[in-house]
């Protein structure tokens, strides 16, 4: 048992080192108050939302499938029937989802809303080898059944939740009725088609790009301030931003607050974090992206601290000072040039007059 545990940890560590791709599709079917159903399919690859399908039962003909990120244009160019095929597949799933929603609403009852979710995911290495897969179905925000680990056995939900416990017989019956053939189909999809498309997508997505990091201080007041650190233009989207104070992470009561990870149109991500700190202390922002790490020093000086003799940074004053400095240097150079020209002219004139006087004396001597 211990050997298997150590082997599992080793495999996970190796995947961390060599890299792993994650392809996930999420399906959400919702019945509204008018008994109209909408189905939305979202495709996510390595944390990037790359595909969306949407349809409403009131207008099935308007179903649409779209790539939602720049590199999907290259996928569509390489596979011209890709979006049409995804739309046709979404239309087929819509009919199945509508039937499942009706059955679940009758069996489990209408609660706050009628929402059926379905998720499947495959994890692959950089060279395209299958690592792990997952299949799961949920109702109103709770998991009903899952296929994971070795992908051979479906498991049920957490029956500690009251309404799930009340419907345990129905849910267990649904799981028991899943045939081995259906399980094999799902397993083959995760190990086959899902893995193959993960390899295809990896060939079109942007290469690994490390972030541009900017850090500083804002909202400075008395002896408190906020240190911020923002990372721009990185891919993939997994990043860790921390603040270091005297070699240690900031205390737990000053845990950094991070804004949501946001994608950009070029396929990269950006994220910013900030933390409340004390003035007159030095901090460091440490950003880790994969095996790449950078540290940005952040120094905070109290606005009331005049003992240092430093003038507070003021952009307008600095600009005026820089302009005056440049003007002074140019004026000094001009004066030096004029002085040099005057000395040169004076020396030349003096030499000319001396030669003229010598020539006059020589002429006078000869005439005598």
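Note that Cβ sites are derived from N, Cα and C of the backbone, with glycine treated the same way.
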Remark   = As Swiss-Prot has it, transmembrane segment corresponds, among 299-320, 321-342, to residues 321-342
Request  = Mind looking up the mean pLDDT for the region 'Alpha-3-like' (209-303) in the predicted model?
outcome  = 84
Task = Ten-angstrom check, please: count other Cβ atoms within 10 Å of the Cβ of residue 240 (N-linked glycosylation site), all chains counted.
result = 13
Query = Counting distance between Cα atoms, which of the glycosylation sites 66, 95, 177, 240 is nearest residue 193 (N-linked glycosylation site)?
reply = 66
Ask   = Out of 56, 95, 150, which has the highest number of nearby Cβ atoms, where nearby means within 10 Å of its Cβ, if these are the glycosylation sites?
value = 56
Query = Taking Cα-Cα distance, which of the glycosylation sites 56, 66, 123 are within 10 Å of residue 282 (N-linked glycosylation site)?
reply = none
Counts by DSSP class (helix H/G/I, strand E/B, coil) across the region 'Alpha-3-like' (209-303) = 3 helix, 63 strand, 29 coil
